[in-house]
Number of protein chains: 2
Amino acid sequence: MFFICLCVCVCYLLLNNPFCVFFQMYGRYTQELGVYAKEEAARLREEGGRRRSVTERSRSLELLEYDKGRCAKCRICTLRCQKFLISRVGEDWIFLILLGLLMALVSWVVDFAIAICLQAQKWMYGGLESNVFLQYLAWVTYPVVLITFSAGFTQILAPQAVGSGIPEMKTILRGVVLKEYLTFKTFVAKVIGLTCALGSGMPLGKEGPFVHIASLCAALLSKFMSLFGGIYENESRNIEMLAAACAVGVGCCFAAPIGGVLFSIEVTSTFFAVRNYWRGFFAATFSAFIFRVLAVWNKDEETITALFKTRFRLDFPFDLQELPAFAVIGIASGFGGALFVYLNRLIVQFIRKQKTINKFLMKKRLLYPALVTLLVSTLTFPPGFGQFMAGKLTQKESLVTLLDNRTWAKQGIAEGFDYIGNSQAWNHPQVNVFVTLVLFIVMKFWMSALATTIPVPCGAFMPVFVIGAAFGRLVGESMAAWFPDGIHSDGTIYPIVPGGYAVVGAAALSGAVTHTVSTAVIVFELTGQISHILPVMIAVILANAVAQSLQPSLYDSIIRIKKLPYLPELGWGHHEKYNIRVEDIMIRDVTYITLNCCYRDLHDVLLAGHLKTLALLESSESMILLGSIERAQLQALLSLQLGRPRRLEYLRDRATAEKKRLSMVSHPGSEDSSQRVNQEVRFQISTEESTFSPTPTPSMKPLKPALKRPSVVDRPTGIPMPTSPQDHSSSSLKNLFCVNPETEGLENKNVNTNIEGTATPEFRRPPKRVRISVVDDFDVDDDMTIREIAEWEENQLDEQVNFDNCKIDPAPFQLVERTSLHKTHTIFSLLGLDHAYVTSIGRLIGVVSLKELRKAIEGSVAVKGVKVRPPLSSFRDSGTSGTSSSNSENEATELHKLWDRHKSMSLPREHLASDSDEKSQ
Amino acid sequence: MFFICLCVCVCYLLLNNPFCVFFQMYGRYTQELGVYAKEEAARLREEGGRRRSVTERSRSLELLEYDKGRCAKCRICTLRCQKFLISRVGEDWIFLILLGLLMALVSWVVDFAIAICLQAQKWMYGGLESNVFLQYLAWVTYPVVLITFSAGFTQILAPQAVGSGIPEMKTILRGVVLKEYLTFKTFVAKVIGLTCALGSGMPLGKEGPFVHIASLCAALLSKFMSLFGGIYENESRNIEMLAAACAVGVGCCFAAPIGGVLFSIEVTSTFFAVRNYWRGFFAATFSAFIFRVLAVWNKDEETITALFKTRFRLDFPFDLQELPAFAVIGIASGFGGALFVYLNRLIVQFIRKQKTINKFLMKKRLLYPALVTLLVSTLTFPPGFGQFMAGKLTQKESLVTLLDNRTWAKQGIAEGFDYIGNSQAWNHPQVNVFVTLVLFIVMKFWMSALATTIPVPCGAFMPVFVIGAAFGRLVGESMAAWFPDGIHSDGTIYPIVPGGYAVVGAAALSGAVTHTVSTAVIVFELTGQISHILPVMIAVILANAVAQSLQPSLYDSIIRIKKLPYLPELGWGHHEKYNIRVEDIMIRDVTYITLNCCYRDLHDVLLAGHLKTLALLESSESMILLGSIERAQLQALLSLQLGRPRRLEYLRDRATAEKKRLSMVSHPGSEDSSQRVNQEVRFQISTEESTFSPTPTPSMKPLKPALKRPSVVDRPTGIPMPTSPQDHSSSSLKNLFCVNPETEGLENKNVNTNIEGTATPEFRRPPKRVRISVVDDFDVDDDMTIREIAEWEENQLDEQVNFDNCKIDPAPFQLVERTSLHKTHTIFSLLGLDHAYVTSIGRLIGVVSLKELRKAIEGSVAVKGVKVRPPLSSFRDSGTSGTSSSNSENEATELHKLWDRHKSMSLPREHLASDSDEKSQ
């Protein structure tokens, strides 16, 4: 029945779709060219036929139709259908529906598998009730085996699958390409690893990994769909689809479409395109829908409802006077969240630092997970310590009981609440329910922080959520015990609902750990009730305020631990960001190359700095920025200039010349050509030796090499060459071809995931695939001695660089020196920049890279920055009126320089004219 | 009691605030400089004292402390407190709390006043029950008076207050400054006008206006707070605060913080800074909280609950098989929403076109509102036609009854549902409830579309919401009549809940009209139930899909009607946007000025084009872009050059020279100076007349004027001057000083709000305040004849331009020609650009402005763009691999040009050297 709905949707969309203009214009060529039409046109054009071939083709189709009767008709029909389908495949919504469907299935299957795993453990535990030791063995061995398997499997197949995945997605969405993070291998490793890890019953979550899995799904689906052609290779589209996929990940994990979209935006984006909003909603809704429908089909549920449905009373959800208690939960959760992040980082760093432990663990990679699992599962063993902290319950069961709308600790009216079902686990005969809750919170807290450091695919959201719920329940039960008749004063008794407090606590703690507000929405969607909206919002905002002032979010913390390239947020209103200017943080000493530089300059520049891109200036006097060139391009240029092919060519030329010289002696008829050679050479030599050019200006450099070039005439005469400078060049040349990873920070850098350094992703910026094969042309040729090669190289280095075959970024991003840090941050994060040049009226005056920006935001160079610039620079024109005056002054002087320069460039001829003028007079 | 909560929050934030580092570092100067500290330092520095004065000052404070005992202590204490408070005032959260508080109060007061107005009408209507005619008069006169007053009041005080305000806010947040839109007058007019308009009982809403009111509040508060100094003058901060204010507006209107934030983002932003997210949430939550608390205090509510609380059953909200019905609601709502937008625009355009009507209405501005109100209120008169469409109910009452969880049209089990209270209005004795609903929907539909064109402050969200709810209820009642026992097949009977359908319909129709998905969230927050999340989401998404493919959103429609500057959205996945490049849409024929141009060139350029900014190039050969200059700046330069002061100065100089010449005759000792003058002049003349410079190249232009300059020596000799070219310059010069509004499109253009053209906002881009006083120096001086002036002007025009005092944008935004339309749109909307230069390796090759972009997106120039460019340009490199190859080719050739040019510039000297070389040999 619900398929009718689907059909209606699909049919409707097919017919009334905004982006479906293809079959309406089939045959004619309207102005709105669809992708398919364009591509088809391009293909046809490339085949030689121009526009008419489209009509020709359709004509031939028609002819075919009339020619061959039925069979041809069928074929035409098939062809058209095929075309139509292929053009359809390019649509966004098809992609999103497929993604949603796939992810819902994955989510459901994973959930199902986890449920079976957990049931198996319970069954084993139940079956061995006679012997406590055997029971313990079963209880402990089972998760250890699963976790070890998960860790091992992930390690072998794809180490990138380890951990949450949200930090990596954040980095990827910022425009950095993390190698191997979006491959099929990783997908398999993540799904299976996650299922095993969660099946073990450890306090781990599936949210973070599901964001990663959904992104993997989107990337793979994109690749798959690109087989049908179309738009799937467009990078900005892929980024948009990845953003939607993150929403799907959260959405299908919790059946929370709205919360999923918002959470994924908050966690992964800095700037969000509202244009992309509907994609997330569409896919996440569809995914959540299918996910819940699967549950209905499987008879788990009667109809589509929330995942952790609550049944609080609607008419009087809470009293106004309970709000302080909610605020307290919020603030405490804030501290708790910060503590959790700190603890998590502390554990990772502690184990990393302890070298002996580390060595041992690195050797036996699976020992650490096993040990942690052993510890945790021992402590939760129900007949043991676990009985005091509801250890028997799985994560899901705990959450359901914690969100229960009945009060556990009622002391007033209805005594002896019968703990039925799972709730009984909280009711220990000897111990108060409060003690159980406190123990649960404390134990689970450090257990979760510890468990999330295990190198398996796992998230921390769900454990934190449960701890938060427990904390909320604790406060709620206390309130219920304190005010047995409720707080309300007017007649009617409205008892306190501790379940509501649990909801608030869950949202607040998870919000504090992840630094998000949208956990509030997730909580509403999870529980299916929104009546506690104001307490939840207040608690979440307070928790965020506290946690953000103390610690980075868990994901940012992991980003820092893994040393992923990132740009920190500006945080809650740091005013000074508006007053710091780019000129305060930029590097003024920019390494650049000029249009007329020689290879030696290139060589020196490459040796000196380690920047990945170099500015290309018109000349060192004008400093006009023309573009930027990648280091790799320059290295390629240099290696081309000094490479073996060129040397061989030179040898060939030399041999030819030699032969010619010999032949010239025998054949005097060919004097012309040899004379030309001679003249040329003489001219070149005379340039340097003539005394008529008194000052060899730097602009004459390109002509210098002409002297030193071992021309066919000079060489045999044996002019001694200076050998000292060549040595360093030959030896140092090889250094050029490796980027220094320390200063570079982005290229080919191994990153350790989790404590064991198991995952070693290499990341790089998307469009620049840097791969240099170190050229080994320093070996001795058969025709040349080492000295000759060095000589030749030296000469080659003195030639002017030919940029013709070099890829140049013709419009690198430019900033003005007066751009505020706030705006710079905005632009960098908006456009995903790596660096930006600071220019003033076309002249390059500095460069700002992600590093400087990061430092400036984190405040570590604030003082240095302040010291470097002139004393009043940042106050000079904090007002708007001040800006214009001093600004125009600066510009005026600089413009003057340019103007003067231009004059001097254009004047010579005129000077000449007037000079000769005067002479003539 | 709840104040405790507030206190806790405030205290906490004061103590643990992330941005509160001031008093921790009081006295010492850490690296994290707060704003206040910086400003203080700046002030001190400007007063002459450097860093030490801070310590000096504190020392003096201490001395003061020891000196004067108690009284001084008090003073110091006060001083510190004052400082502390002032530094606090700069905090974001204080601002947001104040904003939230203020808006909650405004919202509550407005609601209260509206309720009183509506009660008064009912009371009048009830009191006159004896006489139907009197009853009718009272029923009709009351709203007519209120609406007329509202229209008149708004018209007189601030015509900008008319209408919704969301379109204007969208434009403002895009970076365009709309004059008078954020003033106190507008605030007063909007609040009072809105109260009266809604108090009349017309189908109008308060949401849109509240977005505007909140923004007004924020702007005024910002101004007020800037009295205490601080960051309040920063533009980017103000934009962020305005974005938060929009969220507050929706939040406090519906007590829907989350929905408010999301709705405001969707409606006003193109790109959203996640950094700004918390501001919206914080302020909107606080505002909604206070808004609901006020209701509790006023004893309207027992505790904080939703505004339109529903009580649907939780355990089985809907059956899976009902989903097609929900989908139908969604699709039908989509068509309905598009129809509503179309109808609204049609009415506006119809009345604008009918010139006779228009003239009449323009004369009697208040007639149109009165007529519309008369019509609408006549039709809703309860004893008349109104009885068939529940005309008795106010908007709020209708909504409450529509969301009722009881079924009205039950035919199966419980017959004769007793319509109690307001629900009775739907139960007409003669007419079926279905007929009532249909009539209600149809009548309200056109009434709402008509009413929203009245020039009073009003929104369309709420009426549309109610119509949607009625439509949903209609479908729900039909379903209930069709399946009296519900659809569920397994034993238990779950009857259908028509109220749930009403919720879905309300969300879907309002979503379709506004093109937003977040109406779903608003609906949950309004009803306090989230159980229908999946149906609502599905319906909203489908409605959006349909509506977006048919019509623009209501706000975009108004933007177009009002001709506000806007950039259309890219819409749902237009693939071709990825394949269109900037080179296809850019204007290649850029008007520019060069560094060495003369005033005549400036004059010609200003006459030729009407662009607001002009590109400044190094020279017309190199085409290197140095910056951009505003038209106004150039006009100022030109008027300075040709202005009266300069002419007077020239006359003075001439007089002095004349005097000197005379004195020279008498004093032969001063020969030196006169000789210098003579030499100079001769040199200048000889330049032109010499035959040694055979080709007068354009680069020599600057020297030309020297010949024509009427120097003190030449003039008296009476060389005849050509007079023909001067005439046109004198006459046309005045034209320069007015920007053509047609081609400019942004400057000084009157915009008609609503049909009567009452509001005439003038908008301009923020930083560029163009205001030119037309210089009247074409009158005849006493010392110069007209001809002399013309001559002098001509000479002045031939001088080279001195850009020294000119404000230049030193780094205008640059794009590469291969940037896709998609990315260009992104960048334009992200950075709020007006135009961008297209450069290639420093060389200017084109310009793209908002206009071209808009046209390209709307498809009107797509064909032209395709035709203009070379046949395969857009297919040339659709793949990533193709890009690099052809790209580098292009670059290579262009670079080659530059290189050649550079060679030719640097080579002359060398050529010279070699030339002389050869000579010497």
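Note: Cβ is positioned from N, Cα and C throughout, glycine not excepted.
Annotated features in TrEMBL:
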SIGNAL    B:1-22  signal peptide
DOMAIN    B:62-91  domain '4Fe-4S ferredoxin-type'
TRANSMEM  B:93-118  transmembrane segment
TRANSMEM  B:139-161  transmembrane segment
TRANSMEM  B:181-198  transmembrane segment
TRANSMEM  B:210-229  transmembrane segment
TRANSMEM  B:241-265  transmembrane segment
TRANSMEM  B:277-297  transmembrane segment
TRANSMEM  B:323-345  transmembrane segment
TRANSMEM  B:366-385  transmembrane segment
TRANSMEM  B:433-454  transmembrane segment
TRANSMEM  B:461-483  transmembrane segment
REGION    B:687-714  region 'Disordered'
REGION    B:872-921  region 'Disordered'
COMPBIAS  B:878-890  compositional bias 'Low complexity'
COMPBIAS  B:893-921  compositional bias 'Basic and acidic residues'
Long-range CB partners for the transmembrane segment (B:139-161) (under 8 A, at least six residues beyond its ends), listed in sequence order, are 117, 120-121, 124-125, 168, 178, 180-181, 183, 185-186, 188-190, 192-194, 196-197, 199-202, 212, 365-366, 369-370, 372-374, 376-378, 381-382, 454-457, 753, 758-761
Are the transmembrane segment (B:366-385) and the transmembrane segment (B:93-118) near each other by the rule of at least 3 C-beta pairs under 8 angstroms (pairs 6 or more apart)? no
Between the transmembrane segment (B:323-345) and the transmembrane segment (B:366-385), do 3 or more CB pairs sit under 8 angstroms, pairs being 6 or more residues apart? no
What else in the chain is close to the transmembrane segment (B:241-265), if you only count residues 6 or more beyond its ends and a Cβ gap under 8 Å? 92, 95-96, 99-100, 103-104, 106-107, 169, 172-173, 206-207, 210-215, 217-219, 222, 272, 276-277, 279-285, 287-288, 290-292, 306-307, 514, 516-519, 521-526
May I ask for the residues of the chain that lie six or more residues beyond the transmembrane segment (B:433-454) and have a Cβ under 8 Å from a Cβ within it? 147, 151, 164, 197, 202-204, 336, 339-340, 343-344, 347-348, 351, 368-369, 372-373, 375-376, 379-380, 388-390, 398, 408-409, 426-427, 460, 463-464, 466-467, 470-471, 473-474, 477-478, 754-755
Which residues, given as numbers and ranges, are at least 6 beyond the ends of the transmembrane segment (B:181-198) yet have a Cβ under 8 Å from it? 106, 110, 113-114, 117, 146-147, 149-151, 153-154, 157-158, 160-162, 165, 168, 172, 204-206, 209, 212-213, 215-217, 219-220, 454, 456-458, 761
